[in-house]
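Quick look at what TrEMBL lists:
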| type | residues | note |
| --- | --- | --- |
| DOMAIN | 63-212 | domain 'RecA family profile 1' |
| BINDING | Gly92, Ala93, Pro94, Gly95, Ile96, Gly97, Lys98, Ser99 | ATP binding site |
| MOTIF | 249-253 | motif 'RadA KNRFG motif' |
| REGION | 348-450 | region 'Lon-protease-like' |
Amino acid sequence: MAKNKTIFVCQECAYESLKWLGKCPNCNSWNSMVEETKIVGNSSSNISSNSLPKSILNIRSSEYERFDTGITELNRVLGGGIVKGSLTLISGAPGIGKSTLLLQTANSISKKYGKVLYVSGEESEEQIKMRGDRLEAISGELYIVSETNVEKIEEHIENTKPVFVIIDSIQTLFKHSITSAPGSVSQVRESSNDIMRIGKTKGIPFFIVAHVTKQGELAGPRVLEHMVDTVLSFEGERTEEFRILRTIKNRFGTTSEIGVFEMRESGLEEVLNPSAVFLEETGFQNEGSVVIGIMEGTRPILIEIQALVSETKAVMPRRTTVGIDSSRLNLILAVLEKKLKVPFYNCDVYVNVVGGLNIEGTFADLGLALALISSVKSKETNLEKLIVFGEIGLTGEVRPVAFGDRIVNEAEKMGFKNIIIPIRNKEKVKNKNINIIGVSSLREAINKVF
Ligand SMILES: Nc1ncnc2c1ncn2[C@@H]1O[C@H](COP(=O)(O)OP(=O)(O)OP(=O)(O)O)[C@@H](O)[C@H]1O
Ligand SMILES: [Mg+2]
């Protein structure tokens, strides 16, 4: 028999307690416990209950069947398109363009494969139509409904029989059987469970929008991230037109790919050659500026990195970074101070990656070090059209990076004249139209450039 029980649930981490607590003992957040009613003894499972264990040899498998979304950048991030029956979460700050991206995707899929259902809990049908007109996303097979009740949504799916469903957003959905408000942990979890069940049993792929908190975490429970197959994050500065789509988790592909878009009035335009766009406004040989090459997934990207070092009397000098890990900056500053005797203790240091990209990994180390030296010495680099990549070790040595040859190819293609790379990467490249300078230490690189 099902029985109701009152519990308190942390809205950050889904921790459950029998009494109210000011601070969640699990995730330490304050004031996050909310009273909810739990139905005991009536747990529903996600996958049909009549399935029996089978030998793995007897399970029918086909290569993942994928929908081509018609958007190359999105296909790339998903690992080659949308897998049938998969559940994808797309998160991003307010107004970044989630609904825009999904409406464009829905339109393109409906033109190619048939009915697509776009369920919005945030906007009316007219509002979506207006956006559709602006984006020219108007296919006859694109169905729109404003609905927040999960049971009703299931009915609509039953009746419309779409090949693809979009839910905008999970935080607006609710089930009558749960008493707490939409957006609470229980509602989000139960609604997602239902959606997953519908998707997996009918083989329909779902895209679900999820809002993020100010800190950039998924609002509501982290459990959501574990349930879905793929988590995408849509990032960018709202004041700039570039948007970057990144994979956080993917059960059907790598997580290192990014997709680059530009926000226009007519919607999101794909940026198929990000290097060209990121370098558009670069004035080469500027003080404190160096162009670097990095790999984002399987794609080389060339981007400008800027450093500004200015003297200060403050006891605690500033270290401000945008687009680069601040611990990486601290490490490089320490190497420069210790091995090359360049003082930074009395300087504020600002570092910026142009274009709003977040650089991960160690590709940027050498370029960042050169930009810092350039700013501190107030000297520009003396090599024309220069590009740099390489990792710096704690002894001041320059270490090779993976896929260096691809970055060199890209740099040659983009018309760079000089490239400074780790000596061990140089052994593997044979490009003719670019001057390749191999270095084994930071000191050697600095001597070549200044
Ligand atoms: N007429 C327009 N011209 C250019 N850009 C526009 C125009 N209208 C909207 N935009 C862009 O679209 C963005 C809003 O897009 P969208 O509604 O898809 O965002 P969202 O992530 O779904 O937001 P929310 O979190 O509110 O649901 C705006 O921030 C703006 O950059
Ligand atoms: Mg929206």
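Heads up, the Cβ atoms here are built off N, Cα and C, so glycines get one too.
TrEMBL annotations: computationally assigned, not manually curated.
Just so you know, the Cβ of Gly92 (ATP binding site) picks up 21 other Cβ atoms within 10 Å once every protein chain is counted. DSSP classifies Gly95 (ATP binding site) as coil under the three-state reduction.
Secondary structure counts, DSSP: the region 'Lon-protease-like' (348-450) has 34 helix, 25 strand, 44 coil. Beyond the motif 'RadA KNRFG motif' (249-253), the same-chain residues lying 6 or more positions past its ends with a Cβ under 8 Å from any Cβ of the stretch are 64, 78-80, 83, 86, 225, 228-231. The residues near the ATP site, meaning same-chain residues not in Gly92, Ala93, Pro94, Gly95, Ile96, Gly97, Lys98, Ser99 whose C-beta sits within 8 angstroms of the mean position of the site's C-beta atoms, are Phe234, in sequence order.
Mean predicted confidence for the domain 'RecA family profile 1' (63-212): the pLDDT average there is 91. Only Gly95, Ile96, of the binding-site residues Ala93, Gly95, Ile96, place a Cβ under 6 Å from an atom of ligand 1. Secondary structure of the motif 'RadA KNRFG motif' (249-253), assigned with DSSP and counted as helix (H, G, I), strand (E, B) and coil, comes to 0 helix, 2 strand, 3 coil. Only Lys98, Ser99 of the binding-site residues listed as Gly95, Ile96, Lys98, Ser99 bring a Cβ under 6 Å of any atom of ligand 2; the order follows the sequence. Under a cutoff of 8 A between CB atoms, and with a sequence separation of 6+ in the same chain, the neighbours of Lys98 (ATP binding site) are Ile90, Ser91, Gly92, Asp168, Ser169, Val209, Phe234.
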